[in-house]
Amino acid sequence: MFNMLGSVEDANDVFAKLTRPNVYTWNAVIAANARHGQGDLALKLYYRMLDIHGEPDDFVFVSALEACRAIGSLAETKVIHHHITRTEYETELMVTTALLETYATVGSMDDVRREFETSPKRDSITWSAAIAAYAQRGDPVEALRLYQLMVKSYVKPNNIAFMGALKACARVGTLEQGRNIHGHIKKCRLETEPLIESNLIDMYAHCRSLVDAVEVYQRSLKREMVVWNSMIAGYAMHGNLHDAVKVFEENINKVSEMNADTFIGLQKACAKQVALEQGRSFQKTSDYWDQFDKPAVGAAIMEMYAKCGGESSEICAVFDKLPKDKPLSWAALISAQAIQGDPLGAIKTFEQMQADGYKPDSLVYANVLNACTMITDVTQGRLIHEQVKQNGFENDPIVAKALIDMYSKFRDFTEARSIFDKLSNNQLGLDAIMAGLVEHGQPEAALQFFKEFQLSGSEVTNVAYISALKACSKMSSLEEGRRIHEDIKDSSFANDPYLCSALIDMYSKCGNLEDASKVFSSVKLNNATCNAMLRGYVHHGLQEEALKLFESMQFEGVYPDEASVLAALKACATSGDLGDCKRLHAYVIERDLEASAPLGRAFITQYANLAGIEEAQVHYETLPLRDVATWNTWLAVLADKDYSSAVKGLEEMVKETKPVPGTFNNLLTACITKGLVNECLELLKSMNNVHGLTPDAEQYAFFVNALDHAGRLDEAENLLVDLPLPVNFDNWASFLSSYKHHLNPEKYCLGHECALDYERASDVYSNDDLRMGAFKFHALPKAVEAWNNPGSVVIESEPEMALMRGTDLTDKIEKHKVLFKDGRRVVRRDPSSDKAKEEALCGHCERLAISFGILNTGPGTTIRVSKNLRVCADCHTVTKLMSKIEKRDIIIRDSYRIHHFNKAGECSCNDFY
């Protein structure tokens, strides 16, 4: 009623004339003053009510807390908290929510710290106020430390302390500590409180233990909205749209109104699953429940459209309906534009916001700084950084992280370190700067920084440990990784799934699969560690073990996720088993993971490699979203077929999305394989003239390769002289097989960058006129102690697969011996005699496997062989003859490309390999 009088002064006048105000009128006048910025007067009215009327109700407490937020008083908040604990409203949902919100906003962190340290009596209120404040303001490690001290001090935690500790566990990802807190909650008989249940579900979901989250939800007796909203958000976090919708449908008829959190969770689930139509449907539902124009809901809808490939006009239409005086509305639009790959548009929106008279907040600054990382020049980012300084946001946690990320991306680590040194919360800064150093090619600096931080005595977070282990992996520093592992054992993160996953990755990449297995066996099965072990098996060539682990995960109730399937697909790629690939695809369909863009791209590639382009096209046409990365994958498949198909694919792509420089690499590859020099040059020109993209050194290297394959080496040399190309071993290696047709040993000298590929270099120099050069390369491995991998192949047959190495089938080759005398000019071992050449060539494992296949399959059966090394020229020529003589299709997938030999003896690579 008072809010309808036109002004808070009128409301106060009306209230003053009341002779016997009741609890409702007291609450109304307190709320009116609090909402209109008169928090001091609202609190005076609250205390006056206590003297006159007695005990407040839950609505009065909420209004009084709103007054505390208006004046930013932590001390007054704690006093009202004391009052609440003496009433029946201590566990009331509305009151508890208001308390948490107030502790999250009132006073600075210095105020929180000072209030706690100077408190003469640290009761449950004092402890819970500090824990909640630290947990919700970006210092979860300190919140958990205080919680542990509280328990050790024999102070019984209240619901606020528990919820603060659970939020801290969710942010840090410490599953074991979260489970311990859950045990404390059970002892205090608070586990049935709705907000506690909600925070438990949220904690378990963030700690990647969805099974525990579901168990809490299913045991909930009241199933209030806050509980099932948390379950929807948990499912959304894990990309499980089907179950999120199921929870929504189970509960929608039990309530008379919905809140914003419901639709935020549903939209996030749609974004995760790239379910555009479902997201549009939920947008209409949110409009029906009058939630559409709320900034948080609108932000989730815009994010969904951006991630699901919605139109820019749809995003702008949502923005137009949101209140422009709320910074979240602008922050959401800036973020959506950046997600859509339009960083300049995001920066323009940021400038428009200021031109319209609206002030950015920390989230707006963080989002526009993230957009600045997507452009090629740091100048714009520096300008925004100056604004951040002027407006006092440089020490804000999310802004500081965005600044560190931006400067790390542009390799300005001095500036990134300067921002870190100014932060009061150095744990958050540590996470950001460690990740920046590792991700941008400075693992040594990351480890040095990590050691300095440890020596300072500050507590290290699990995220920083993970970055340090990644640095060890990049440096192949096993000893340093073991030292960090010992530190982790003494920390509270010893059983953290993400950290154990990083340990497994580190040991695996450093060549120690045994220690990786020990870490894996020491913890409870979970997705994070299982995925790391899957990657380790694949990295070490143990495809069968990887696929067995994938199957055992399902039996143990740890359902493989997107990362699990990607790792298993790599195992299929190495083994060359089409059947396993199809079984994985069936699992993806069963688990409702089809909308995953990375999985879609991976299956396109695998079907193309293992079954042919027709099977890949069937899968490609069913994908719900075709982003730039998916188009690039499809163009790579088309380019492997022929140039004209790739050009048509590019034309189709332009109708849906804008190409990026990497898109043209696939077409340039097709030009190389076909010897289309002029077309290659036209592509480079069209990049600049038609698509507004500047070719870089990589694209020019493709052009040089095209010249090289066409036998126009002089032009290639001239271009190489003029280009500042980096020393890139992959580019040099691709030249080697072409140089052998033109090479003059007196004119050309291959430098140290080719040393690691000495076998291919030996191929180049093994022509009769270049034999002395070959001897030099055969001596090179011994000099540098370089050990080559033994050649191995997998041949696919029904109903099983056979793995072979060069020594496995020496008797089989005698039954089907094919010698091509003219092909002996390319040999990898001892090129001193023709007899030695014959023996070496006949023992190549792919030739033995094909012979085995011919001997053990019926006439006309397609033979599929996968090899871990690149096929040599002689085996390529011999396979052409084999396919022609036997009238069979033979498919060889080596480490470089797919070779499809048809019955006419022709190869799909057109002899460019």
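Glycine is no exception: its Cβ is also placed from the backbone N, Cα and C atoms.
Residues 1-3, 8, 11-12, 15, 63-64, 66-71, 73, 76, 80, 83, 87 of the same chain lie 6+ residues outside the repeat 'PPR' (22-56) yet bring a C-beta within less than 8 angstroms of a C-beta in it. Positions annotated as repeat 'PPR' by TrEMBL: 22-56 (among others).
Within the same chain, residues 74, 77-78, 81-82, 85, 99-100, 103-104, 107, 109, 112-113, 115-116, 163-165, 167-169, 171-172, 174, 177, 181, 184, 188, 397-398, 425, 427-428, 459, 461, 492 sit at least 6 positions outside the repeat 'PPR' (123-157) and bring their C-beta atoms closer than 8 Å to a C-beta of that stretch. What TrEMBL lists as repeat 'PPR' is 123-157 (among others).
Counted with DSSP, the repeat 'PPR' (224-254) comes out as 27 helix, 0 strand, 4 coil. Here TrEMBL flags 224-254 (among others) as repeat 'PPR'.
Residues of the same chain lying 6 or more positions beyond the ends of the repeat 'PPR' (326-360) and with a Cβ under 8 Å from any Cβ of it are 295-296, 298-299, 302-303, 305-307, 312, 315-316, 319, 366-368, 370-372, 374-375, 380, 384, 387, 391, 628, 658. Among the features that TrEMBL reports, repeat 'PPR' is placed at 326-360 (among others).
Residues annotated as repeat 'PPR' in TrEMBL: 526-560 (among others). Looking just at the repeat 'PPR' (526-560), the mean pLDDT is 89.
Feature annotation from TrEMBL assigns domain 'DYW' to 832-913.
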Task: Summarise the repeat 'PPR' (326-360) by DSSP state, stating how many residues are helix, strand and coil.
output: 26 helix, 0 strand, 9 coil
Residues from the same chain, set at least six apart from the ends of the repeat 'PPR' (224-254), whose C-beta lies under 8 A from its own: 93, 194-195, 197-199, 201-202, 204-206, 210, 213-214, 217, 261-262, 264-266, 268-270, 272-273, 275, 278, 561-562, 592-593, 595-596
Task: List the helix, strand and coil residue totals of the repeat 'PPR' (22-56) as derived from DSSP.
output: 27 helix, 0 strand, 8 coil
Message: Within the repeat 'PPR' (526-560), count helix residues (DSSP H, G, I), strand residues (E, B) and coil residues, in that order.
response: 26 helix, 0 strand, 9 coil
